[in-house]
């Protein structure tokens, strides 16, 4: 791809690193780079500082139609919908529309393993990366992780495995470009981002882009516990392409087409495969005693990563070593501290009800739940029922989704004590500390997005951690 001298426009600088990586990459390739973002400079200070000294023009606090008419290539932030009127202007003027990931896929010389899913994708991505690094120490892990993939390109050779976390927003762009990873893995599918996709069907179609453009023989790793993914397997694909995994539910993986599968049988994680001679092999990868991650949902994440690693040819002993060493991911059921007999857990990454339900099911102790926030057009009925069964109290944060959650709690006839909604996070945490009894858990697992009170869910989790650590 020739970029030297091209008029390149980066739409959306952002604060997670992707926009910075794109702008830096384009500038170093000799493109004439303009970065445009609706946010003012003060909101983007860290990103602007990271680009200091590079020949980049910034248009902040607005988008200008003239910039889109003059651009030869527009690289959009995944949060920008493909239907944006500014992108329509650029297309009409003949500009190529790209994203960081479409550029990366076109330029990456190494094999790409992609992971997506409503929940579990970050844990699975990082665990899969750890498994591959046991055998290939130069493995690169990037994607939807606040790590720019383009920044990693100089260190990637034809033999360097690359593990990427891919959101539904990113997959939309990859689908438009006809790009899919060598190995595709979908951890879970449940309602999410319906404010963007509109319908569950459209959301599923976006997730399916991860395998839609694979080559014959490329593996796709699917969850046997998911009726949606079992239905995906009906499409016309060679049976050898299907690799299955199952969590602790004990799904009947043997009835599904395809010879390869990773599943829990009692306390053992089994890899089932067919040799080139046609014989069936069963290998014990690890046991539950090897697992440090909490929660039944993480057993499924381990099985998913194992299935993808085995499909890539990683030896069982390397997988086992990675499982034993892997202690978890920041902002996902992250233990913050214990104070006065109360445990504080940061699960801010639970931005959808399904993820928060999984968090509630992880613990046996009574829970003081901190929930609520911005709406993503998702139902809260199941979340409310789970709260009614497992929480001793719920502390609500202010946001557009919180009235819906309140209505769902009333409909569930939940007898749980309800506090809030709070528009002051410190006040909400002071209440949590006051009402939590020794032996209980204060769990930040909102089931909602963070916008309004926070810049993003990571800001919410960082603030939770800071306030809790300040308690004396």
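Glycine residues also receive a Cβ, built from the backbone N, Cα and C atoms like all the rest.
Annotated features, as they stand in Swiss-Prot:
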{"type": "BINDING", "residues": "117, 118, 119, 120, 121, 122, 123", "note": "ATP binding site"}
Number of other Cβ atoms within 10 Å of the Cβ of residue 118 (ATP binding site) across all protein chains: 21
Run through the Cβ atoms and count how many others sit within 10 Å of the one on residue 122 (ATP binding site). 21
Other than 117, 118, 119, 120, 121, 122, 123, the chain contributes near ATP (Cβ within 8 Å of their centroid) the residues 115, 124, 187, 188, 301, 355
Are there any residues in the same chain, six or more apart in sequence, whose C-beta is under 8 angstroms from the C-beta of residue 117 (ATP binding site), and if so which? 124, 185, 186, 187, 188, 189, 207
Tally every other Cβ atom lying within 10 Å of the Cβ atom of residue 123 (ATP binding site). 28
